[in-house]
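For reference, the structure discussed in these notes is given below.
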Amino acid sequence: MWVFEETLPTGEKLSESINQAHENCKYLPGIKLGTNVIADPDLESAVKDADMLVFVTPHQFVEGICKKLVGKLRPGVEAISLIKGMEVKMEGPCMISKLITDTLGINCCVLMGANIANEIAVEKFSEATIGYREDKEAANRWAKLFTTPYFLVAIVEDIEGVELCGTLKNVVAIAAGLVDGLDMGNNTKAAIMRIGLREMRAFSKLLFPSVRDNTFFESCGVADLITTCLGGRNRRVAEAFARNGGKRSFDELEAEMLHGQKLQGVSTAREVYEVLTYHGWQELFPLLSTVHEICIGQLPPTSIVEYRLAEGQS
């Protein structure tokens with residue numbers, strides 16, 4: 001696997017540490033990795049013999065990685081993306097799976113779900129959803145690779161719906177974290193999650209009318225939303241942001257609390273807001289809009305429950 005090289009506090013390279021100790025001591029400490037997992041800091045070397053590629057990086061780095069891979073892959077390579085986020089371009093939003101397909105000319109499915117890494121690593125039961133477009137056989141191949149007795153995978157022919165669920169839930173998790181940081185209670189948090197799910201569905205169907213309602217009842221939808229709003233890092237950092245009255249930035253809290261991991265909800269909120277602004281949809285999505293405005297300091301954290309819901313939205 002390709003690993004972005006880092007130097008650990010001990011002076012050791014992250015890739016060397018993984019290969020020698022069979023453990024990612026920085027991002028997944030205490031979990032032993034198989035001896036067949038070999039960390040390679042050279043991107044081209046890591047992919048040169050691969051038939052199947054799994055993309056799991058912060059979404060803001062995907063385009064640069066794909067450009068480096070152009071012309072470096074074997075014929076017939078297939079891909080799957082576990083990445084939450086989107087790229088906003090002049091012509092509109094571009095989902096990560098489409099960016100991979102368009103840049104590299106390969107089929108790309110997506111996998112999303114209620115999947116907190118630490119719990120999967122210790123083999124606690126969970127589910128996931130693979131989204132695909134047309135090529136059901138490719139989706140079944142990926143499902144066979146990922147499925148274990150404790151990790152069950154369903155496939156859905158709705159790649160945009162599955163991917164947008166995984167993307168937008170991080171924005172709603174920011175809202176849930178703000179509610180926690182303001183000690184507003186479980187009733188308020190439940191309301192925020194319900195409103196968030198409604199806006200996730202409406203936003204997805206406006207962008208891609210083919211998105212299916214049933215997708216939001218898969219693991220990638222309501223299940224992932226619940227998990228992320230209860231235990232994810234977006235919720236945790238947003239809680240700290242609210243408890244500090246918004247006086248410390250998300251960037252500062254991210255660096256302090258996540259130790260190198262990236263907070264996806266804030267950047268996704270910005271990208272969603274750009275789409276809403278471009279189309280004039282802000283009033284249709286008061287929660288998604290408010291989260292971004294709080295993140296950039298335009299509104300105080302308390303505004304998370306002070307906005308007016310768009311009348312008649314369903």
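Residue numbers in this text run from 1 along the chain shown.
For all residues, glycine too, the Cβ spot is worked out from N, Cα and C.
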- Message: Based on TrEMBL, name the residue from LYS68, LYS72, LYS84 that is recorded for the same substrate site as ARG233, ASN234.
- Response: LYS84
- Query: Which whole number is the mean pLDDT over the domain 'Glycerol-3-phosphate dehydrogenase NAD-dependent N-terminal' (1-136)?
  - Reply: 94
- Query: Given that the record lists PHE4, PHE61, ALA117, ARG233, LYS262, GLN264 as binding NAD(+), what is the largest C-alpha to C-alpha distance among them, in Å?
  - Reply: 21
- Item | Reduced DSSP assignment, PHE4 (NAD(+) binding site) | coil
- Query: Which residues, same chain and not among LYS84, ARG233, ASN234, have a CB within 8 angstroms of the centroid of the CB atoms at the recorded substrate site?
  - Reply: ASN170, ALA173, THR228, GLY232, ARG235, LEU263, GLN264, GLY265
- Note on the structure: Whole-number Å distance separating the Cα atoms of GLN264 (NAD(+) binding site) and ASN234 (substrate binding site) is 7
- Quick one: give me the count of other CB atoms within 10 A of the CB of ASN234 (substrate binding site). 27
- Query: In sequence order, what residues of the same chain, 6+ apart, have a Cβ less than 8 Å from the Cβ of PHE4 (NAD(+) binding site)?
  - Reply: LEU14, PRO41, THR57
